[in-house]
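Taken from TrEMBL, the feature signal peptide applies to 1-23. The domain 'GH16' annotation in TrEMBL covers 1-229. The active site, nucleophile annotation in TrEMBL covers GLU114. Annotation source TrEMBL lists active site, proton donor at GLU118. Annotation comment: TrEMBL describes 304-324 as region 'Disordered'. The compositional bias 'Basic residues' annotation in TrEMBL covers 307-317.
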Amino acid sequence: MGSVVPLFLTILVSFTLFLYSHGASSMSLQALPTLSFEEGYTQLFGDTNLMLLRDGKTVHISLDRRTGAGFASQDLYLHGFFSASIKLPSDYAAGVVVAFYMSNGDMFAKTHDELDFEFLGNVRGREWRVQTNVYGNGSTGIGREERYGLWFDPTEDFHHYSILWSHDRIIFYIDEIPIREVVRTQVMGGDFPSKPMSLYATIWDGSNWATSGGRYKVNYKYAPYVAEFANLILHGCAVDPTDHSSTCNKFNGNQYNSIKISSDQRSAMENFRRKYMTYSYCYDGLRYTKPPAECSIDHREAERLQGHRRRSKGHHRNPQDVTI
C-alpha cells in the first residue's frame, strides 16, 4: 500500500484543482488521471485468463471452460469516483456475466455493502443488458436492482462506466450520463453503503440465472469470452485495512459530497431512464407487495415498466427473463 500513497496524493491534488477550476461536475471527473494495473490493482483469480496490454493500461479478463478471471483494487476506499472503459465479449454470450463493482464482503460477511454494475450476456442477435444494484449493511433481503438496455452495442467499442460514491449519494454513469442516483435518506437507515470497500472486476459463468432466468447457458464452443478494461480510475479516500483510518481529511472527503447532478444531467438521466430502463425493484409487485420505503412511485413509469414486462413475457414465454 505504501508505494501507492505518493501517487494517490498526486491524484488527490489534481482532483482538488479540477473541482476549483471546473466546478464539481462529472465531466471534470472523467478527466482524472488513469492508473496502470500495477499502480492500483491485483489479480484475484484466473491465472493466465488475465492479460495485461499497453504496459498495464489495458486489462483483458476471459472466461473459458476452465475458469473465469478477476482483479481488485489494492486499497480499500471510503467514498470516491471509480471508473473504467469496458468492451464486452461479442457474438453468442448467453450466461456470461461481467461485473464492475465495489464490495467489502470479504471483511463484513454478514453486514457487507455493495455497489454493482453487472453486464448480462445474451443469445446471438440480442443485446447485452446492464444491471445496477445497491446493498448496504448486509441488506441482501431487499434487492435494489435496476436493469437497462443500451443505445449502443457494447461489444463494438469501449464505453465508460463509472460510480460516484459519497456520504450523501451514489451516482452510476454510462459515458458521462448519469443513469441512476441513490440519495441517502432516513428511511434507508443502515441500508445505505457506509463502510470501506474495494473495487472489483470479474467475468464468470452465470448460466443458472443471467439469461432468461437460466434458460440459456454459456456455450463454451464460443470461448474464450474476453472482456477488455482500459482507462482505469481509482480516485477516493484510501483506508487502512487494519484500523479503517482514512488518508483523506474532512475537507478532502467532503469534496465528493459536493458533486451533484446538474439540471442538464438530470434531464439526460430522465431521458435515459424513460427510454432504456426495463426493470426497477420499486415496481416489482411480485417481489414486494408494498414498495420498499425509499421508493418514490411514478405511476406513468410504473405503467410503462409493467407494459414492458407483459411484452417480454409474451415474447420469451419465460417470466424469469424479466424478474431478477
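Glycine is no exception: its Cβ is also placed from the backbone N, Cα and C atoms.
TrEMBL does not curate its annotations; it predicts them automatically.
Residues within less than 8 Å, Cβ to Cβ, of the residue listed as 'active site, nucleophile' and separated from it by at least 6 positions along the same chain comprise TYR101, MET102, SER103, ASN104, GLY105, ASN133, VAL134, TYR135, PRO193, MET197.
GLU118 (active site, proton donor): 19 other CB atoms within 10 A of its CB, across all protein chains.
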